[in-house]
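> Input: one structure, supplied below.
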Amino acid sequence: MKYNKLLFSLLLLAVFCFSCKEEQKLQTSLDFDKVLLNAKSNPIAIESESPLFSWIIKAEGFGKSQSAYHILVASSLDKLDETHADVWNSNKVESSKSTFVKYEGKELKAATRYYWKVKVWDKSNQESNWSEPQYFQMGLLDESNWGEAKWITLTNDTRTSEYRFREYKTGRMEQPIQVDGFAASYFRNKINLNKEVDNAQVYICGLGYYEFFLNGEKVGDHVLDPAPSNYDKQAYYVNYDITEQLNSGENALGIILGNGFYGQNISWKNDPESDRDLAYGPPTVRVLLKLKYKDGTESEFFSDETWKESTGPIVFNNIYGGDTYDARFELGDWTSTNYDDSSWGFAKETAPEIKNISAQQIPAIKKLQDYEPQNVFKGSDGEWIVDFGQNIAGWVKLNVSEKEGQLIEVITTEALLTNGRDIFPGSTGGGANGMAQIYQYICKGDGQESWEPKFSYHGFRYAKIKGVSTKPDADMIKAVLVATDIQETGSFECSDDLFNKMHNISKWTIVDNVHGIPEDCPHREKCGWLGDAHAFCEYALYNYDMYDFYKKYMEDIRTQMLPTKGHNNPELKFQVPTMIAPGKRTSSYAKIDWGVATMYLPWYNYLYYGDDAIVNEYYPEMKDLTNFYLNFKGENGIMQDGMGDWCPPRWDRRTNPEAMECDPIISANAYFYDVLGIMETFAKMNNDGAFQSEMKAEKEALKDAFNKAFLVEIPNTDFKWYQSQTATVQALQFGMVPEEEIENVVNGLEYDIVEVKGGHHSTGIHGNRYIYTVLSKYGKADLAYRILTTPDFPSQTYIMNSGFTTWPERQFEWETMEGPTNSLNHPMHSGFSAYFFESLGGIKSSTKEAGYKQFIVNPEFPSQITQTKVSVPTPYGDIKNDWSFEEGKLSMTLEIPFNTEANLVLNQAELESLIINGKTFQNLQKNTKSVTLQGSNVILGSGKYKILYNKR
């Protein structure tokens, strides 16, 4: 009875305290929309010693901005107040900074959860309420945190299936050979819990792809974990919270381990005797389970030689070739607690050479969407062909009922023969790497059997399926889109259906090519070519949350760097990336136009997100690489290096190299000029005054040398250009053209496009990125529209009309060929679509206040476009611009996030006609401080504006 009275009193007290807190809520127009740590919501496995806090505020009214913030961090929720916060109390900090605010509290401990919240004040000193409590959990901060966890690998390869082998044949081999690769490994162990668990965290580092099981169920929705890396220098672990999934008493843990890129020891060998083994070693895994009990005690359970191991039904797996699954060798319910594993062996401890293990911070690869057959028909050999209607990256899943031992083989391909009668063999991936894209399933013969792969993904639209007794349908076979789960955060739509379709194809081509790295293609190579990566980076940033993705890829580039001799001074050594990162297929040192990705990716991350940490972190490497490229300077002041404007129309490096109109040295030096300016900015940010001055001088010298060497008159005209469309576009984009020559150069570009090329582009990836933006900037927007929408080769509309659903690598006249050549899914050709946001939408981040703290609004569009709607993600919230154009008037609805301002670009005539929210600019300026003038441009504070002016 006394206990009940005490409990009732405590409940009353709790209700009273809660009511008091509710009464203390402020009436405020400042509301938190998002509260993030390291750009994530409630993240686990944080390894930063000084995490970064950010928040997005929704606020009513106009011209609202932050004047101060207050952050609390505590070790528990009950300490998360101003009096008891025991980890960090920032107190009130006078600052407008609301993104990437650096933690300055006590040292954070490994594998520990912390709680935090924030409040802000606006410039009128209006105070917000505290945000809802958030948490973050630290990861394993150094090797000692792994405790006794050992690396384990398969002891015995016991595969006996005759289907463990595949054919491998490169172009240098007369006959194929049989290969099998490393076996997929199955590991299990049990743990008995006799106390109540308060928190349970599992940390798994797979060298090779893995899947994790607990008590008969797969844990999480990740596939193909973890992301690829330079495994000898950097590997990634994944953290799982399994507190709610553990049972009292016995629990069974299971791991299936595949080769991934770590154990890929087949593809990219020149011949059977080649020593180009791209594997790092046999796949291996490390597991640590950290348990905290409700009585306050802790314990660990980890991988070691006591774990049991076996092979199983996955009898072959290769990231390029595919999986082979022999269902006759299934292991039963091997992840359950009551499974008899007495026939299994014991795992072998191993010690792979790895310098660093970190938490995987990028989004995981997941199964994103299923696709049903759109058409099913028989090929010329009588086998069934399935068309899924969309070129995707992923795999197929099967649901079949056939006799025991029946082999079902699925060959995936991007294209049919031009006559449509069969799949095109040249589009199955094997021509490049020696392994055709094939999935194999061998039936156990006991009724309906369902299966999908685990350790490979392909690029395909079509599938030829052999070995089935009935016509395939949606119940039998589906395609599964599998990719890194980058979140789509931006949007674009306009009045032109062709542009909308181009935008969708560009997005598709990117999504298909993110699997822990920005790939060149999802089938033939699966490589992170640096030139491809920077070609489509900005368009990706307009559409997706790529913050962590590109930070991870920068680490891939850094860990891929090799000591390289200087060109002019071979006695000097520089750390230089290779053309490809990460992995053992490196190509050569990164030529200038590819290697500038090392500077561009941090620049874009800074420009679009405003986080200067990546600039500071990679500054030494960027500085060293800049000096390496300066060591190519010739007597004429031009760097004698370059890869070239990849894949212009009709170009083939072996049979038609002349089709590359732009000299590789010219396009490389144009990029390098831009990068010298970026490095000047980076030097200033890093208080490196000497290098800042050096970069300024080198940039000015290169501009002079570039114009002297490459700016020429076009015969029989009054115009000039830089000897190709690409170089001319680059020179205009990067500000290399002398002021007095701009009009002549623009006219020269137009002349070549219209009079010489018949209204077509002749650009590869370097020129494609900027040509439509540049034409729009210099008053030739209608010409940009013409190039894009003409139905004739080589326009984007021609490609779409040819039936492609992603952008092909090469620009050829497809109807004249037996079948499409090379890859049909290359995101380097998506880069031009940044034009839809920066020109049509008119939204660009300011270089003066990065991360869209200030941004430019300046729609530049062709007369054929009458309406455009864009949403651009920023660290402050979404910028939205919805405009329509009719009878010379531009009507715009513009939404500007809290704590930012927009620079509306106008000429004097446009300014004089300007009406904002129904008022002339002059009247509005008298009554509000949220609108100011800067030349003829108008600076707008936050809020939603209705804008109308005569567009000239």
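In case you wondered, yes, glycine gets a Cβ from its N, Cα and C as well.
What Swiss-Prot records for this protein is below:
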- E525: active site, proton donor (ACT_SITE)
- E809: active site, proton acceptor (ACT_SITE)
- D520, R524, E525, D532, W594, H826: alpha-L-rhamnose binding site (BINDING)
- 1-21: signal peptide (SIGNAL)
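For each feature listed, report its degree of burial, its nearest neighbours and the pertinent distances within the displayed model.
The Cβ neighbour count for E525 (active site, proton donor), using a 10 Å radius and every protein chain shown, is 21.
Within 10 Å of the C-beta of E809 (active site, proton acceptor) we count 23 further C-beta atoms, all protein chains included.
Take the CB of W594 (alpha-L-rhamnose binding site) and look out to 10 A: across all protein chains shown you find 28 other CB atoms.
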> Rounded to a whole angstrom, what is the C-alpha distance between H826 (alpha-L-rhamnose binding site) and E525 (active site, proton donor)?
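Here the two Cα atoms are 11 Å apart.
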> On the Cα atoms of D520, R524, E525, D532, W594, H826, which are listed as binding alpha-L-rhamnose, what is the maximum pairwise distance in Å?
20
> Let's check the environment of R524 (alpha-L-rhamnose binding site): how many other CB atoms sit within 10 Å of its CB?
25
> How many Å separate the Cα atoms of R524 (alpha-L-rhamnose binding site) and E809 (active site, proton acceptor)?
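That comes out at 11 Å between the alpha carbons.
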> So how many other Cβ atoms are close to H826 (alpha-L-rhamnose binding site), meaning within 10 Å of its Cβ?
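There are 29 such Cβ atoms around H826 (alpha-L-rhamnose binding site).
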> Please give me the CB contact count at 10 A for D532 (alpha-L-rhamnose binding site), counting all chains in the structure.
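For D532 (alpha-L-rhamnose binding site), the count of other Cβ atoms within 10 Å is 27.
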> Can you tell me the CA-to-CA distance separating W594 (alpha-L-rhamnose binding site) and E809 (active site, proton acceptor), as a whole number of Å?
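Distance (Cα to Cα, whole Å): 17 Å.
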> Whole-number answer please: how many Å between the C-alpha atoms of D520 (alpha-L-rhamnose binding site) and E809 (active site, proton acceptor)?
9
